[in-house]
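Student: Just passing along the structure, written as structure tokens.
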Amino acid sequence: METQMASPSLGRCSLWLLLLGLLLPSASAQALSYREAVLRAVGQLNEKSSEVNLYRLLELDPPPKDAEDQGARKPVSFRVKETVCPRMSQQPPEQCDFKENGLVKQCVGTVSLDTSNDEFDLNCNELQSVRRLRPRRPRLPRPRPRPRPRPRSLPLPRPQPRRIPRPILLPWRPPRPIPRPQPQPIPRWL
């Protein structure tokens, strides 16, 4: 009898555990990882961009330390680079190669890790060339090079006289006389 009484309470308890187990994965599935949220933001950047080509995530700065509240907006900082894929191709940017000497943009803003919230607040600015961002070393005057000793001149070979071809002589022939027209007699009956 005692076993039959414990059985309904055990069934209820297992039912509650089953329901709780089903609810927990769905709640955690709604929260995006920091990287996934940034990739969605890059997707929206590509949709709203007026550029010819798509942008792809180049570098992602580390996430903020206070990642406790999954629904709150999180500050993000990342860089995107222009790809070879046209924006109208509808191809995922991750499948596109970076464009050689493509445009690089630094993006700063906030994203939400909640899948139900698609709002992103981003500000992207074009980066200057990497060489320009590095500090320049002070230029010191270069020491003057020591004069090099002149090499000894070697005797140059004598130039060979240039051969001029001799004209080909043909046997001489007297010129032919040019035929001249004979004068016609004037008729007398005139």
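Glycine residues also receive a Cβ, built from the backbone N, Cα and C atoms like all the rest.
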Student: Of the cysteines Cys96, Cys107, which is paired with Cys124 in the disulfide recorded by Swiss-Prot?
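Tutor: Answer per Swiss-Prot: Cys107.
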Student: Where Swiss-Prot annotates a disulfide for Cys96, which of Cys13, Cys85 is the other cysteine?
Tutor: Cys85
Student: I'd like the per-state residue tally for the region 'Disordered' (133-190) from DSSP, helix first, then strand, then coil.
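Tutor: So the counts come to 1 helix, 0 strand, 57 coil.
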Student: So for Cys85 (disulfide bond), how many other CB atoms are inside 10 Å of its CB?
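Tutor: Other Cβ atoms found within 10 Å: 20.
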Student: Between Cys85 (disulfide bond) and Cys124 (disulfide bond), what C-alpha distance do you get in Å?
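Tutor: Just about 20 Å between their Cα atoms.
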